[in-house]
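Database features, via Swiss-Prot:
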TRANSMEM  6-26  transmembrane segment
TRANSMEM  85-105  transmembrane segment
TRANSMEM  115-135  transmembrane segment
TRANSMEM  137-157  transmembrane segment
TRANSMEM  178-198  transmembrane segment
TRANSMEM  208-228  transmembrane segment
TRANSMEM  261-281  transmembrane segment
TRANSMEM  295-315  transmembrane segment
TRANSMEM  317-337  transmembrane segment
TRANSMEM  352-372  transmembrane segment
TRANSMEM  386-406  transmembrane segment
TRANSMEM  410-430  transmembrane segment
Amino acid sequence: MLNNRASKIGAILLALFFVLTYLFPLNSRLLWQPDETRYAEISREMVVSGNWIVPHMLDIRYFEKPIAGYWINNISQLIFGHTNFAVRFGSVISILLSALLIYLLARMMWRNRQVAFVASLIYLSMFLVFSVGTYSVLDPMLALWVTASMVCCFWALKATTAKTRILAWITLGLACGMAFMTKGFLALAIPVIVMIPVTLYQKQFTRMLLYGVLAVLSAALISLPWVLAVAKAEPDYWHYFFWVEHIQRFSGDDAQHSSPFWYYIPIILLGVIPWLGLLPGALTSAWKKRRKRPELFFLLCWFVVPFLFFSIAKGKLPTYMLPFMGPLAMLMAKYGVDCARKFKMKALRINGYINIFIGVAAVVAILIIQLVSSKPIYMPYEWSKWVLAIVAFSLWGIIGYLCSTLNGKHWLWAASCSLGVSLCIGQAIPNSSIDGKLPQEFIRQNIDTLNASKYIVSNSVGVGAGLAWELQRSDIYLYERTGELTYGIEYPDSQHRLLKPESFEQWLENARKEGNVSVVITYKDPKKLAQMPRPEELVTNRRMAILTYEKRK
């Protein structure tokens, strides 16, 4: 057990780690397209318009996600203003609250502050958690509500009185309702598919069916006002959201992001870094002790069942695993603390060796690609960036070495392996990535030209959202490609926002009578630019170009 002094020091160090990893770099990093520019602009438009019911992007209906994740981002922008920090803070606060829930659940399970503290530390320092948790997507919000749901599930299973049991199931329903309003119907399935094997194992399946009605009612109670409001405002919303976004995306032959069954295995192995050395022992130990320790079986089901469920699905993304990193953090924390308490330090030392290997391998890979490969990551004038990347991964290896010395005594310092990467990544991104995936810099360099334009056109939805965010205007036109706005742009009041190549010159001629026109084009082949009408001004960064057509009388 931790004494009071050790608890205070641990809390201070954990808070410092959180500030350096999660908060300090937020505003300095440019927004990635299409994800971060998308969520930044959707919430900006909600705040400006006051419409918190129906999501729009570029003033075009956007039905791909429900509303609750946007609400968190909206509140963040209202508090922190028009900043990159505000765009990402919704993800950060969701991960922080998830870590607090993990601490609470670990205390409920083991009544041990040390294990609970280590579980939160491991969770916050996992590669998948901190990389997605400092990135503006909706998965951290989903992870928060799924974690809250699972805490309520365990609370309901352990409740000894009818009053407590009723309260737990009602609270579970509220958390599930928020998960549904963040990501949709699949979020409702997660607690169900986890609880079925758990309640069967603990002979509480009938009780789950009985009290589960309360969860269904409370989930409906919290979500029904928005469900009815969006149906009234946009009658077609639920048709698109259910059939296209769920049925086709999850199981259809044309599912988005289709990947093989084993896709999530390497994602998990990479995602638990810098704690990979603890994973095999934690899983095998939990499986062996599952009969005597039902909480370990609960955590195994929380991870394994959704892992298999999403592996069967055809559409896959790395971020889908985020809600299931919590149980792994708790299993590894329990295993690691038990190993240290029993002086069985082999796994803790191995974890240090793995981090040494990661640091050394990353440094060697950067040097080989940069100095030997015919296609280096960085241009010659970017030498400071790849040196910075080498320093960051060297720090990873050095910390791994410290964790492996003294028989693994300092094994918890593995959490700080990623500090160098987290603090340096924004400054170490090669210009080739900035030019293509981080449009903010190019937009800011040409902000006066863009602000002077009556019409702005882009052939990329992600870049278009970035333009709208930076210029604080949503009337961006789309050229040739509609991407994720394909459904919304088919509405009669939005069709004019799509400009097709065969009619573009005529549209341009008419538009120039009203003012300047700026066309922002993403391209790989310069021949793409030659296909456009000749502009008065052309600015390019080799991946994007701004073609400016001046006003004509």
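Quick reminder: no glycine exception, Cβ is built from N, Cα and C everywhere.
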Sequence-remote contacts (6 or more beyond its ends) of the transmembrane segment (410-430), Cβ cut-off under 8 Å?
17, 20-21, 24-25, 28-30, 118, 121-122, 124-125, 127, 130, 134, 273-275, 336, 340, 345, 348-349, 351-352, 355, 358-359, 377-379, 382, 385-386, 388-389, 391-396, 399-400, 402-403, 438
Report, as numbers and ranges, which residues of the same chain sit near the transmembrane segment (85-105): CB under 8 Å and 6 or more residues beyond its ends.
18, 22-23, 26-27, 31, 36, 39-40, 43, 69, 72-73, 75-77, 79, 116-117, 119-120, 123-124, 129-130, 132-137, 140-141, 143-144, 147-148, 150-151, 154, 326, 329-330
Under 8 Å between C-beta atoms and at least six residues away from its ends: which parts of the chain pack against the transmembrane segment (317-337)?
98, 101-102, 105-106, 109-110, 112, 114-116, 118-123, 126, 128-129, 132, 137, 139-140, 142-143, 146-147, 150, 190, 257, 264, 267-268, 271-272, 275, 278-279, 281-283, 285-286, 296, 299-300, 302-303, 306-307, 310, 347-348, 411
With a Cβ cut-off under 8 Å, give me the same-chain residues at least six positions beyond the ends of the transmembrane segment (352-372) that come close to it.
273-274, 276-277, 378, 386, 389-390, 393-405, 408, 411, 414, 417
Distant-in-sequence neighbours of the transmembrane segment (115-135), which means Cβ under 8 A and at least six residues beyond its ends:
2, 7, 10-11, 14, 17-18, 21-22, 25-26, 29, 32, 35-36, 88, 91-92, 94-95, 98-100, 102-104, 106-107, 267, 270-275, 318-319, 321-322, 325-326, 328-330, 332-334, 336-337, 412, 414-418, 422
What residues elsewhere in the chain lie close to the transmembrane segment (261-281), defined as a C-beta under 8 angstroms and at least 6 residues from its ends?
122, 125-129, 307, 310-312, 316, 318, 320-321, 325, 328, 332, 335-336, 339, 347-348, 350-355, 358, 396, 400, 414-415, 417-418
